[in-house]
Amino acid sequence: MALVPCQVLRVAILLSYCSILCNYKAIEMPSHQTYGGSWKFLTFIDLVIQAVFFGICVLTDLSSLLTRGSGNQEQERQLKKLISLRDWMLAVLAFPVGVFVVAVFWIIYAYDREMIYPKLLDNFIPGWLNHGMHTTVLPFILIEMRTSHHAYPSRSSGLAAICTFSVGYILWVCWVHHVTGMWVYPFLEHIGPGARILFFGSTTILMNFLYLLGEVLNSYIWDTQRKPPSWQDT
């Protein structure tokens, strides 16, 4: 028996993300007042994705509790749809985007923090909030993957979805630059057009790789041939 039930962990993680988002939005930073606001930053988009995902997890747990033993087929069908949405969000958004944000942020930060997180931001964002946005995302999503089995979509549809997200965000970043004349991330100012194209292409490939990594990790953790159907595992 687990020391802490996974349902309780999900509630705690959801509350953590709500706290992080509220504290982040309360910060009066100049970048929040410019075109696109917080939505031009992948970190903020990822926080919203994680909060929505764990919100769906908590809703799934509540629905499972309420429908358990009821024998209502319609309620069971609705629960299956909710669990399918939960699994799709983990596979296509929560895991690859979350791991991408953590990995890329800290790699660039270690090389030269001014390229992605200038020291000026320390005057606005406390250290605990920085780690809440760029560190704890990884253990939270790994805890979720370890505590519950998630059914991945077909590989082709999953890769198509993550590619759509990646290209969509890249186009959004380019549009913000077109409107404001400024790149969302400082390091993009210091590289040429060819290097930017290479960087954007590499990030899309990395997103696809992280999707496949999540699929492999999920299969490694859970022996799908011995598990019950995903709608029974909440």
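Using the three backbone atoms N, Cα and C, a Cβ is placed for every residue, glycine included.
Taken from TrEMBL, the feature transmembrane segment covers 42-67 (among others).
Summarising the annotation, TrEMBL assigns transmembrane segment to 88-108 (among others). Counting only same-chain residues 6+ beyond the ends of the transmembrane segment (88-108), those with a CB under 8 A from a CB of the stretch are 42-43, 45-46, 49-50, 52-53, 56, 115-117, 134-135, 137-138, 140-141, 144-145, 150, 152-153, 158, 161-162, 165, 187, 203, 206-207, 210-211, 213-215, 218.
Look at TrEMBL and you will find 128-147 (among others) tagged as transmembrane segment. Same-chain neighbours of the transmembrane segment (128-147): 2, 6, 9-10, 13, 16, 19-20, 23-24, 43, 46-47, 50, 54, 57, 90, 94-95, 98-99, 101-102, 105-106, 117, 214, 217-218, 221, counting only residues six or more beyond its ends whose CB sits under 8 Å from a CB of the stretch.
What TrEMBL records for 159-185 (among others) is transmembrane segment.
For 197-217 (among others), the entry in TrEMBL reads transmembrane segment. Long-range contacts of the transmembrane segment (197-217) within the same chain: residues 90-92, 95-97, 99-100, 104, 145, 152, 155, 158-159, 162-163, 165-167, 170, 188, 191, each at least 6 residues beyond the stretch ends and with a Cβ under 8 Å from a Cβ of the stretch.
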Sequence-remote partners of the transmembrane segment (42-67) [C-beta within less than 8 Å, at least six residues beyond its ends]: 7, 10-11, 13-14, 17-18, 20-21, 24, 75-76, 78-79, 82-83, 85-86, 89-90, 93-94, 97-98, 100-101, 105, 133-134, 137, 140-141, 144, 169, 234
